[in-house]
Amino acid sequence: MAHITVCSAAKLTRLAPGPLKLMTVPLRRSITASVLHNGKHERCNKHKKYAYAATSIGLALLAGSHIYNEKKFFKAAQVGNIPELQKQVAAAQGSGYNAGAGNEGPADRRHSLGWTALMVAAANDHSTAVKELLKLGAKPDSREQYAGASATAASTGLHPLEVLQRREDEFCGSMNARASFLGWTALHYAALSDSTASAEALLEAGADPTARDHAGRRALHYARDPSPTRDVIVEHARRWEEAAAAAAAEERRRFPLEQRLKQFIVGQQAAIETVAAAVRRKENGWADEDHPLVFLFLGSSGIGKTELAKQLARYMHRDDPAAFIRLDMSEYQEKHEVAKLIGAPPGYVGHEEGGQLTRALARRADAVVLFDEVDKAHPDVLTVLLQLFDEGRLTDGKGKLIECKNAIFVMTSNLAADEIAQYGLQLRREQEALRAQRTRARAAQGEPTTPVRADEGPERSPEVSRQFKDEVVRPILKRHFGRDEFLGRINEIVYFLPFSRQELLTLVQRELARWADKARVRHGLELRWEGGALGALADGYDVHYGARSITHEVERRVVNMIALAAERGALAQGSAVLLLEADGRLALAVRPPAASDYRRLDLDAL
């Protein structure tokens, strides 16, 4: 028996004499070419031995040529080797590669440090490679994951010097390997490398010219000015924005902002209409372009002020988390904390980091910014906000000017909350008295007592009178803020009134529905309730705490009972639980999985 051993990192196919057998083994293992001889004479045929060896090596090379190789793939993109790109993508497909995060296919296989071959080709100005990769299925808007040498080294466990070397050798030697390119697309790289042909190919393939990187910059920001590449990107961005604006206008027509906001916010119809009207003016070009839109939301805690700001950001920016900036102004009560907002001056700790507000606005200058509890901020912070509201721009600690005239600023405050709450309750009582009077009048005339006219339809929020605004609320605001120019820069002061009885019942129903979902998912229980239980829970409303008082009431009076019943073994999985009201008290009735009737629970007897 003769042994031929060939060592390599690849795999090969072994062909043994006798019955034909094909198997794949690592080439580092010994490949034995067995030559069987008849019985008495064990002499080896030299020519046959060499033939088997040559066959083994040839098959190994053939097998190796169909195995995906990361280094070869990205080197082919780096130098524009089209045949090698095709071969590596075919090898990735043949190896059964499944789409990963973001449905990335074989042509989008990422380098171990975060980039794609399309980015490599665009960065090195190989437009033919860009076109070929797009043809092979590469997605033009895949995002870069390389966050700089230090951050990438920390996440991969490599030494920073090794990351630097690999970035320069395997991506592009002319770009700063220490910098973060997080969120870049291939179009960003094409703009930076001034590759007009690559930019055109990417844009024709559907690349988004308005896509922003992690720093909030579009590809246009990195294009040389003037240059043909910049002109190409500008033209496509114009078309893209026109199409997006037309689509958004059509969507607004079919599904107005008021309707969207009412899906998430209970009541506050007057507040919703005020905000929607101001936003509509801005969207349709009927607002002052030199100043941002500024709101002040007034009312008790837990009444929907913060939620309205959140939903406005969702509507304006399609759930982009970077487009909603929330700052708790109770963290800015001291004079020195102005630096936290706009950044520390040169020579001070934190200068390089910048400010919380300026850093966020640099990424999204058209964001919705919420200044929560603005009445708690230091007066020097209000001076910064006055400049921001008046000029629509802000200078950070590094001296950089940030333009944000397209932003929407929302301030919330509990100033005059008690006065607004009492006034709102009075308006509610007057509204209910008027409705009762109309009902009695219709009943006396033999007419239906249900609403039949448009002005008697769904309950509307009462309107706050001009007298109340000028004589009660404005003096309180002026006394606190101490300056008319600050109040003068506010476009709309929006009043949030206490909930009506019907709105409270809706809040209770939503809260119970939320707990019903949890009961079903976590414990396999079905939770139901009777109408009387809704009214009993609505009675727990506290005008000073808004919807939060309903949340706490449901937890205290309903969830506590269910948790106690479960702890005492009264709720088997698959049971149905009915919440009912009897003699002013809430109780539970349970229907076991196999039963057809509910049985009232006596928790004290369990």
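Each residue, glycine too, has its Cβ placed from N, Cα and C.
The feature compositional bias 'Basic and acidic residues' is assigned by TrEMBL to 453-466.
The domain 'AAA+ ATPase' annotation in TrEMBL covers 291-435.
The domain 'Clp ATPase C-terminal' annotation in TrEMBL covers 499-588.
The feature region 'Disordered' is assigned by TrEMBL to 436-466.
Here TrEMBL flags 113-145 (among others) as repeat 'ANK'. Each residue in the repeat 'ANK' (113-145) has a pLDDT score, and their mean in this model is 94.
The repeat 'ANK' feature in TrEMBL is assigned to 182-214 (among others). Within the same chain, residues 116, 118-119, 121-127, 130-131, 134, 140-148, 172, 175, 220-224, 227-230, 232-233, 236-237, 240-241, 244, 363-364 sit at least 6 positions outside the repeat 'ANK' (182-214) and bring their C-beta atoms closer than 8 Å to a C-beta of that stretch.
For the domain 'Clp ATPase C-terminal' (499-588), the DSSP counts in helix, strand and coil order read 52 helix, 15 strand, 23 coil.
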